[in-house]
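Pulled from Swiss-Prot:
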type     : residues : note
TRANSMEM : 12-32    : transmembrane segment
TRANSMEM : 44-64    : transmembrane segment
TRANSMEM : 77-97    : transmembrane segment
TRANSMEM : 125-145  : transmembrane segment
TRANSMEM : 172-192  : transmembrane segment
TRANSMEM : 203-223  : transmembrane segment
TRANSMEM : 238-258  : transmembrane segment
TRANSMEM : 265-285  : transmembrane segment
TRANSMEM : 287-307  : transmembrane segment
TRANSMEM : 331-351  : transmembrane segment
TRANSMEM : 358-378  : transmembrane segment
Amino acid sequence: MSSKYPRSVRRCLPLCALTLEAALILLFYFFTQYDASLEDQKGLVASYQVGQDLTVMAAIGFGFLTSSFRRHSWSSVAFSLFMLALGVQWAILLDGFLSQFPPGKVVITLFSIRLATTSALSVLISVDAVLGKVNLVQLVVMVLVEVTALGTVRMVISNIFNTDYHMNLMHIYVFAAYFGLSVAWCLPKPLPKGTEDKDQIATIPSLSAMLGALFLWMFWPSFNSALLRSPIERKNAVFNTYYAVAVSVVTAISGSSLAHPQGKISMSYMHNAVLAGGVAVGTSCHLITSPWLAMVLGLVAGLISIGGAKYLPGCCNRVLGIYHSSVMHYNFSLLGLLGEIIYIVLLVHHTVWNGNGMIGFQVLLRIGEFSLATTIALTSGLLTGLLLNLKIWKAPHAAKYFDDQVFWKFPHLAVEF
């Protein structure tokens, strides 16, 4: 029988992280430079504000959204910040290298930083399926692989299907969800007897998670409009996302009460259902020209989110063996799929309205993009999961899953692990 004491990462974590950071510094020294163009000052400030909104979403929003576990809230917040910082650095280099042929100096602009931040957001979505079961060394590996896979997907889809930045960004929902679920499927599945309570949501951490959801709710319009170039499309994206998430809040509270036998509201449902409209409307937010359609999408997305949170976790536990109380992945995968379908419907309507006869071709292109992104997400996720199972990473023992004491010093404890 193996020991239940956690495996120390004192040697491998500093060595791995600092060596990687030194390598990134060298790459930035030799292969990057700042944008020397004289950009309009007003446009510069506006561009920075969008990037600032994305950073707040990533660091505070997603960081606290995953902090609802009873004994794993410290690690959830701090590890998310660690992955964000590492992911942005690698994404800037990767996007620059993949977008240039022949290779040259990577020019760093505010737009490239926004693009890199969205790549790191993918990791923060997918890692929710494995937080509590892996250590920081394994998360470093996961960040590098997922950011690389997502960057490859963007490059391939952009070159083959001639897709713009916004449409590439909107594949992030489904890509991140299926990548994370694939990784989780490869990890040890059932929790050991006597440790199930660690996977439960506590009152105070759940309130912190709701704080993260509020930050995401406020800044989701900035996320959906971050990579759009046209001012009219950006305006439509902001308006439609705002109305969609507003309706999602009303639907989340009402639907949560309806789903409970005594009519009580579940905070765990609220964490994700309030964001449902923003996910569902994201792909087509720039095409919708009337608020009522965005509001309908917010209503439908909120109901799907509540239904998925109530019924899908048990189904996935039995069929896939993925034991996790969080419902974020079911929301992002289902609502990302809904958003893709709505986009295709609106695209067909727009094509018919303008008298263009290439309807079937346009639909096939969109289905091809979605299928390619999903396939690469599943494949790279499975490979990452198998890689994380290697013993060299010193993964925590299953008895120490969802336990902050494995990674953090608690001053009030007389004996540390």
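Note: Cβ is positioned from N, Cα and C throughout, glycine not excepted.
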Leading contact stretch, 77-97, 172-192, 203-223, 238-258 vs the transmembrane segment (44-64) - CB distance under 8 Å: 203-223
Dominant neighbour of the transmembrane segment (172-192) in 12-32, 203-223, 287-307, 331-351, by Cβ pairs under 8 Å: 331-351
Best-contacting stretch, by C-beta pairs under 8 Å, relative to the transmembrane segment (125-145) and drawn from 12-32, 203-223, 287-307, 331-351, 358-378: 12-32
Chain residues outside the transmembrane segment (331-351) and at least six past its termini with a C-beta under 8 angstroms from it: 125, 170-171, 173-174, 176-178, 181, 272-273, 275-276, 279-284, 287-288, 297, 300-301, 304-305, 308-309, 312, 358-359, 362-363, 366-367, 370
Folded-back contacts onto the transmembrane segment (12-32), same chain, C-beta under 8 angstroms, at least six residues removed: 86, 89-90, 92-93, 96-97, 105-108, 135-137, 140, 392-394
